[in-house]
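Asker: Quick paste from TrEMBL:
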- 1-30: signal peptide (SIGNAL)
- C40-C245: disulfide bond (DISULFID)
- C86-C96: disulfide bond (DISULFID)
- C101-C107: disulfide bond (DISULFID)
- C153-C235: disulfide bond (DISULFID)
- C158-C218: disulfide bond (DISULFID)
- C166-C181: disulfide bond (DISULFID)
- C185-C194: disulfide bond (DISULFID)
- C195-C205: disulfide bond (DISULFID)
Amino acid sequence: MNRPRCAPGLAALAVASSFLCFLSPPGAESAGVFTIINRCKTTIWPAATPGDSFGGGGFALRPGQSAVFKAPAGGWSGRIWGRTGCSFDASGNGTCATGSCGTSLRCGASGATPVSLAEFTLASDRDFYDVSLVDGFNLPVTVRPVNGRGGNCSAAGCDGDLRQTCPPELAVRAGDAVVACRSACDVFDTDQYCCRGKFGSQPTCPPTPYSKRFKDACPTAYSYAYDDASSLFTCSGADYIITFCASSRYAR
Ligand SMILES: *[C@@H]1O[C@H](CO)[C@@H](O)[C@H](O)[C@H]1NC(C)=O
Ligand SMILES: *[C@@H]1O[C@H](CO)[C@@H](O)[C@H](O)[C@H]1NC(C)=O
């Protein structure tokens, strides 16, 4: 049987499927391989910007599916997020309940907030990565580096689902369901919640009861602008596994 070759280290994943191997690029043993996994109970539409190396910036991922991409060799600085409740026509035109970038399946720019963001700055010496809820929350997402070294190379993001614990004044609803949770900065637009003016530095912008709610759900994600110490990670030579709804406890 003529099996497709899988990237070393990725083939052992329980989720590895012919789909994963099919998308696995040649020479994938070098760093910067991104595996995006959907463990949610519904289809999601991941998006990336700049997205040339990531399925053109957007694609559908059914429950249990994964997709593999290789970041550009010269480094990449960008963000990856998930869109929910989308409906696209055959030409990739449509709308989403959360995270949409205009009407396109393939995102050429950042999407609508609130959205949970996985952020990356990849460079030859070391990478920086984080999960940010500064612009709100729409899906649980974790970033896990594999095969990396140096820095703190550990998982960022969250296991919890803020849609279930969102304070009512921050909730975005579609019918009866809470589909996303806005940030307090977005809702109240005050200097304190947005870390502006006299709150515009790390010592003068401490956590608030709202940002603490976000931190409880996602202890290793940015819950507000100056949350670096527990939210920003570095690693060298890593591949990354980005999982939406990692904990099936919360997946829906
Ligand atoms: C895309 O869909 C929107 C409605 O969702 C519609 O208004 C628009 O005309 C469509 N654009 C194209 C290029 O088909
Ligand atoms: C990871 O390391 C960086 C650089 O030393 C540090 O600033 C950051 O606080 C560390 N992150 C965590 C979550 O410990």
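Backbone N, Cα and C define each Cβ position, glycine as well.
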Asker: What count of other C-beta atoms do you get within 10 angstroms of the C-beta of C86 (disulfide bond), across all chains shown?
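Answerer: There are 19 of them.
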Asker: What whole-number Å value do you get for the CA-CA distance of C185 (disulfide bond) and C195 (disulfide bond)?
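Answerer: About 8 Å separates the two Cα atoms.
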Asker: Given C218 (disulfide bond) and C166 (disulfide bond), what distance in Å do their CA atoms have, once rounded to a whole number?
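Answerer: Each residue's Cα considered, C218 (disulfide bond) and C166 (disulfide bond) end up 13 Å apart.
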Asker: Quick check: of the disulfide-bonded residues listed here (C107, C181, C195, C205, C235), which one has the Cα closest to that of C40 (disulfide bond)?
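Answerer: Result: the closest of the disulfide-bonded residues to C40 (disulfide bond) is C181.
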Asker: Helix, strand or coil by DSSP: which one applies to C194 (disulfide bond)?
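Answerer: In the DSSP reduction, C194 (disulfide bond) maps to helix.
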Asker: Whole-number answer please: how many Å between the C-alpha atoms of C86 (disulfide bond) and C101 (disulfide bond)?
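Answerer: Distance between the two Cα atoms comes out at 11 Å.
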